[in-house]
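A.B. asks: I'd like to ask some things about the structure below.
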Amino acid sequence: MDKAPDKAPADSSAPDSANRPEDNRSRFRLPVWDDLPPNTIGALWILLAAFLFTIMATFIKMAGENISVFQILAIRQLVMVVIVAPKILRGLPTSLATHRPDLQIARVIFATIAMLCGFTAIIKLPLADATALGFSKTFFITIFAIFFLGEQVGIHRWGATIVGFIGVLLMLRPEGTGFVDPYALLAIMGAAGAGIVMIILRILTRTDSPTTILTYQALLVGLLMIGPAIYTWHAPTLEQWGILILVGVVAWGSQMCNIKAFRAGEATAIASLDYTRLLYAAIIGVVVFGNWPSVETLAGAAIIIGASLYTVRREAKRGRQLARAAEGRGYNN
């Protein structure tokens, strides 16, 4: 009779596999977290991202009482460059190789304009107002996508865009005086600049890696701010240095949470949760700065958010229609 195969080698390998690094890392995972649906995980990440973004805006507003927006932005970029330096250095020289240097430079310029306008609005306006006006970026993206990307926009998206801008106009006259707050206009300009940045990003991602895009923005925005920051320099106190450094750290944390959110969940399922920033901003505005949102602010914000949510849902429906049409099944709803 043949002897049964010896299984000792297979058994002896068990201890080795148990000591593998990936198995050791798994010990530190939260079972409850791993069992959550992907969209739930994405939702939790984007809620944290929205909260951190509001905290960053709070620090910017606090620092802006005595420090110029140029100095705030320059130090923010410096902190972020230090944080991402290992990733940038590991990618050299590939991280500097771009197929569209013109678009990289254009993106940096518009990103700088958007941040300068947006940061100034945060400093000068109530936090809830600046946050709500920033949401108008969605409508600018729709308009710019028509002209620069050749996208076809139907009557529903046009309607949502027009309604959204009605909400913006309502917020531009918070006291019904007929005069437009210049800082509110800066918030709108910041949103428009951010919209252009998103359009450029859509084009750049076709040819350039995320690391390349990150490297150019991290380095060039900081370089652009060196001159204005030196000219307007105000020696920060130890407390102000702490706030300025936290602006950069929290900004990086917010971006990382946002990336994790959209990696984990579906964009159409979680994007609307970004509007919780307005809730955070309203609460912090009252508690920290004593700014109660006006009726016009709340009404305008409700219109902007409602129109944005409609746009997101409409695009989700349109995406399903296109997917079914591509499969030859049609779509009825």
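Every residue gets a Cβ built from N, Cα and C, even glycine.
Straight from TrEMBL, here's the annotation block:
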type	residues	note
REGION	1-23	region 'Disordered'
TRANSMEM	41-60	transmembrane segment
DOMAIN	41-172	domain 'EamA'
TRANSMEM	67-85	transmembrane segment
TRANSMEM	105-127	transmembrane segment
TRANSMEM	139-171	transmembrane segment
TRANSMEM	183-201	transmembrane segment
DOMAIN	184-311	domain 'EamA'
TRANSMEM	213-234	transmembrane segment
TRANSMEM	240-257	transmembrane segment
TRANSMEM	269-289	transmembrane segment
TRANSMEM	295-312	transmembrane segment
A.B. asks: Top stretch among 41-60, 139-171, 183-201, 240-257 for CB pairs under 8 A with the transmembrane segment (105-127)?
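C.D. replies: The stretch with the most contacts is 183-201.
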A.B. asks: With a Cβ cut-off under 8 Å, give me the same-chain residues at least six positions beyond the ends of the transmembrane segment (240-257) that come close to it.
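C.D. replies: Contacts with the transmembrane segment (240-257): 45-46, 48-49, 52-53, 55-56, 59-60, 62-63, 66-67, 71-72, 75-80, 83-84.
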A.B. asks: Should the transmembrane segment (139-171) and the transmembrane segment (295-312) be scored as in contact, given a threshold of at least 3 Cβ pairs under 8 Å and pairs 6 or more apart?
C.D. replies: yes
A.B. asks: For the transmembrane segment (269-289), which recorded stretch in the set 41-60, 183-201, 213-234, 295-312 gives the largest number of Cβ pairs separated by under 8 Å?
C.D. replies: 41-60
A.B. asks: State the residues, same chain only, that lie 6 or more residues beyond the ends of the transmembrane segment (41-60) and have a CB under 8 A from a CB inside it; answer 'none' if no residue qualifies.
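C.D. replies: That would be 33, 72, 119, 122-123, 127, 130-131, 243-244, 246-247, 250-251, 253-255, 257-258, 260-266, 269-271, 273-277, 280-281, 284, 288.
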A.B. asks: May I ask for the residues of the chain that lie six or more residues beyond the transmembrane segment (183-201) and have a Cβ under 8 Å from a Cβ within it?
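C.D. replies: Distal contacts: 103, 106-107, 110-111, 113-121, 124-125, 129-130, 133-141, 143-145, 148-149, 168, 171-172, 174, 213.
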A.B. asks: Count up the helix, strand and coil residues in the domain 'EamA' (184-311) according to DSSP, in that order.
C.D. replies: 110 helix, 0 strand, 18 coil
A.B. asks: Under the DSSP assignment, what numbers of helix, strand and coil residues are found in the domain 'EamA' (41-172)?
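C.D. replies: So the domain 'EamA' (41-172) is made up of 112 helix, 0 strand, 20 coil.
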A.B. asks: Restricting attention to the domain 'EamA' (184-311), give the mean pLDDT.
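C.D. replies: Summing pLDDT over the domain 'EamA' (184-311) and dividing by its length gives 89.
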